[in-house]
Ligand SMILES: NC(=O)C1=CN([C@@H]2O[C@H](COP(=O)(O)OP(=O)(O)OC[C@H]3O[C@@H](n4cnc5c(N)ncnc54)[C@H](O)[C@@H]3O)[C@@H](O)[C@H]2O)C=CC1
Ligand SMILES: O=C([O-])CC(=O)C(=O)O
């Protein structure tokens, strides 16, 4: 079997360090799928990326068939089958939202264009770097020849956080929980929805009191990233890498029967989310494609929260449009 080429941007960063070893060990695509890694970094971080590559060599992973390190996006994405866009411009003190979007446009636009020009026909893109949904939109807009559905953004970490918070509350295992959903943006406006989540055949929202759901569960999940930064002094890295592995693994290999997961994918207009926005939905993966789970009833409590997060995505899209980034 020909190795699958996996390109990781921001490879020398902290998520990269937690991610690359798991890809090389077979956890991204499967224990029988050989991989070639391509590490894209900016020039000051190339040396650190080389150090990580040395450590990857030192693991003697049977599935790892090669590593390339480059600061040239054209080379990095040449023939790529999977692209994990992790490197991004973080928000720094005094930076306005428009500045942040513009700085990231300067990264994700050219990377989208390089994917358009050089990637393999089956390219699948997961954007991790924040603001992930809108960065994915920018990359997608720069890649008109790649089917739009191949551009996705990560809300799987939020999904996993929600599973874990609920399991702790109900004193059950995460494996007892199915049909969790994160809606909207990977930001503090996201909406983790327990109204379709099942625990031992019952609906989770009926197993917890409304005050806990509203005042504890939703804000804890939505603000977990900030809580990790406050505790660790750095943003989530191993858990973010874990979620990236879960997202791509399920995209390629399918989601289990009877369950779904969450991913930010281009909207087809389902659930009133404007077409084209890259928003988180309940999704299944079948034959290598994400599909939005249809037919869920949305009550007014959920509607208000989905709409608020989607509105934020609309504003981000309008801002990058105004900057001519899409
Ligand atoms: N969607 C999600 O759930 C999560 C997203 N994140 C986001 O992931 C991103 C990366 O996080 P960390 O690895 O902790 O950051 P980091 O700062 O440790 O690493 C980022 C790396 O990206 C590189 N980089 C910057 N510009 C680049 C470019 N144009 N091309 C290639 N590489 C470039 C930097 O040199 C650095 O090595 C951040 O934007 C963070 O906010 C983090 C956690 C969860
Ligand atoms: O804000 C950040 O950089 C980290 C993040 O997205 C998260 O942990 O969900």
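Each Cβ is built from the backbone N, Cα and C atoms, and glycine gets one as well.
Copied over from TrEMBL, here are the features:
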- 186: active site, proton acceptor (ACT_SITE)
- 10, 11, 12, 13, 14, 15, 16, 104, 111, 128, 129, 130: NAD(+) binding site (BINDING)
- 91, 97, 130, 161: substrate binding site (BINDING)
- 4-144: domain 'Lactate/malate dehydrogenase N-terminal' (DOMAIN)
- 155-319: domain 'Lactate/malate dehydrogenase C-terminal' (DOMAIN)
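Where TrEMBL records a feature, it is marked here on the structure.
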residue : record                       : DSSP (3 states)
10      : NAD(+) binding site          : coil
91      : substrate binding site       : coil
97      : substrate binding site       : helix
111     : NAD(+) binding site          : helix
129     : NAD(+) binding site          : coil
161     : substrate binding site       : helix
186     : active site, proton acceptor : coil
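Take the CB of residue 161 (substrate binding site) and look out to 10 A: across all protein chains shown you find 23 other CB atoms. A straight line from the CA of residue 16 (NAD(+) binding site) to the CA of residue 161 (substrate binding site) spans 20 Å. Only 130, of the binding-site residues 10, 14, 111, 129, 130, 161, place a Cβ under 6 Å from an atom of ligand 2. The C-beta environment of residue 130 (substrate binding site), restricted to residues of the same chain at least 6 apart in sequence and closer than 8 Å, consists of 88, 90, 91, 186. Within the group of recorded positions (91, 186), the Cβ with the highest number of other Cβ atoms inside 10 Å belongs to 186. Of the listed binding-site residues 14, 111, the Cβ environment within 10 Å is emptiest of other Cβ atoms at 14. Over all protein chains present, the Cβ of residue 12 (NAD(+) binding site) has 24 other Cβ atoms lying within 10 Å. Closeness to ligand 1 is met by 129, these being the binding-site residues among 97, 129, 161 whose Cβ falls under 6 Å from the molecule. The local packing around residue 97 (substrate binding site), expressed as other Cβ atoms within 10 Å of its Cβ over all shown chains, amounts to 12. Confidence over the domain 'Lactate/malate dehydrogenase C-terminal' (155-319), given as mean pLDDT on the 0 to 100 scale, stands at 97. Binding of substrate is attributed in the record to 91, 97, 130, 161, and the widest Cα separation among these residues amounts to 26 Å.
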